[in-house]
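Below is the structure I would like to discuss, written out as structure tokens.
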Amino acid sequence: MKCTFKMSESSTQSESDPNSHNKSSNEVDENRSTLSFFLKIGYGFGHVYNDLSATIWFSYILLYLKDVLEMPNEAGYLMMLGQIADAVFSAIVGLMTDRYYTKRNWHMMGTLIVILSFPFLFMLEQNVLPYLAKIFYFILFITLFQCGWATVQISHLAILPELSITHKDRSDLNSVRYCMSIFSNITVFTIAWTVLHIRNRNSESIGPNDFDKFRNITIFLTAIGILTTIIFEGSLSLSKYNKRREDKFATSELDDSTSKSSSVEIINVLKDLQLYKIAFLYTFSRLFLVICIIYIPIWLNDFMKTRTDQTIENIAIIPLIFFVASFVAAFLLKYLNQKLSHKIVYCAGSLISISGCVWIFFSISLGANELIGIAILLGAGSSTTQISSLCITADLIGDKAEHGGLIYSIITVCDKLFSGIIIFVIENLEAHQNYYSNVLIFNAITAFVGILILGTFIGKH
């Protein structure tokens, strides 16, 4: 069973379309892949640097600002600035990628901006700059980083419908993309664990003396990101991306030969209620993941201060287990998506996510085994809902690849703004004992809202 949403009803006119015989001759098996395994992996490499930088941004920037630079009051504002900048640039890039140059050119430009800005986020020592200069420093590099990051994200997502021909292509590329994302997350926490493992053991938590550790992690990640981007560019050439892109647009022009103009079609896209339902579905799946990524390390760092039976490496080990579970779930979804609809899989992922939050609530004394179990449930659940929502989005676009940038920008703008506001609120509420564990517990609400939104799709195909 497949869950496929269409942007128009032009397919119902195929019998009366004089060009319908051309379509029939070009029909392909939707369950067959037209891309080799290596080309799919190559596509996944195109977002690795974004995933590496996003993981350390979400997982450690608040920890770095609060405990290394000792800027707890400014941390929430700077995080929200990043999310707002990301949302603004996502909207701008989404509109421009569909009109100017190719998605590939936008991807290269965005990657260059990330390379020139991301490393500087973790290069500042505590007392090097005056307070105001420090604030402007972060405003500048956070804004540049989010500009480049949004450009890479939107262009990479928009390349997917252009590169894929069949439903299986889209599902496989989404799965590979997410698997590479999980691989990137695992890489970050493996490097973090290695660096933290050889740190000074005189302290049981992160502090100002750990500045160089974050700098070294960032340098390693940037080197990996540059290498994977080169691999991605090579894979696009091998996949004959330009020809696939031209064929996709030629098909779109044939389908729309008797329809309205492009500007009117964009209006129809914006009027489609399905788009906004899926935008919120993606937003809440993403929000659950973001809250886990951000607050699990902070929760663990506070947890370490009161527990002598736990080690500081848990700040990297537990998130690492979280993403290993995500990777396993993403791998299994490749087969589940052939048997079940994306809606059913999304619902199952939400229930798994909620069970992880409930475990935290009922835990009396969190030991190592319990922390591992919670990480597995949260990781597997968030991975399942994230992939399912992306598959539903790709099905929504279908053959309308020329509007892919616009659709993905709407969805990501919704995600960035909403998550930015939620994180800002969390950071500005009065903290109390067990505050960050409660943040993770109440994160179950976001998974439950996703199920409610999913209910509005019942009966639709």
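Cβ coordinates come from backbone N, Cα and C, glycine included.
Here TrEMBL flags 7-17 as compositional bias 'Polar residues'. What TrEMBL records for 18-28 is compositional bias 'Basic and acidic residues'. The annotation region 'Disordered' is assigned in TrEMBL to 1-28. Among the features that TrEMBL reports, transmembrane segment is placed at 41-63, 75-94, 106-123, 135-157, 178-198, 218-238, 279-300, 312-333, 345-365, 371-394, 406-426, 438-458.
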Any chance you could find the range in 178-198, 218-238, 312-333, 438-458 with the most Cβ pairs under 8 Å to the transmembrane segment (279-300)?
438-458
Where else in the chain does the transmembrane segment (438-458) make close Cβ contacts, counting only residues six or more beyond its ends and a cut-off under 8 Å?
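For the transmembrane segment (438-458), the far contacts come to 3, 277, 280-281, 284-285, 287-288, 291-292, 295-296, 299, 343, 346-347, 350-351, 353-354, 357-358, 360-361, 378, 381, 385, 426.
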Where, among 41-63, 75-94, 178-198, do we find the most CB pairs under 8 A to the transmembrane segment (371-394)?
178-198
Ranking 41-63, 135-157, 312-333, 406-426 by the number of C-beta pairs under 8 Å to the transmembrane segment (218-238), which range is first?
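Result: 41-63.
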Could you check whether the transmembrane segment (135-157) and the transmembrane segment (312-333) come into contact, where contact means at least 3 Cβ pairs under 8 Å with the two residues of each pair 6 or more apart in sequence?
no
So what's near the transmembrane segment (406-426) in sequence-distant terms, Cβ-Cβ under 8 Å and 6+ beyond its ends?
76-77, 79-80, 82-84, 86-87, 90-91, 93-95, 98, 150, 153-154, 157-158, 266, 269-270, 275-276, 278-280, 282-283, 286-287, 290-291, 294-295, 393, 396-397, 400, 439
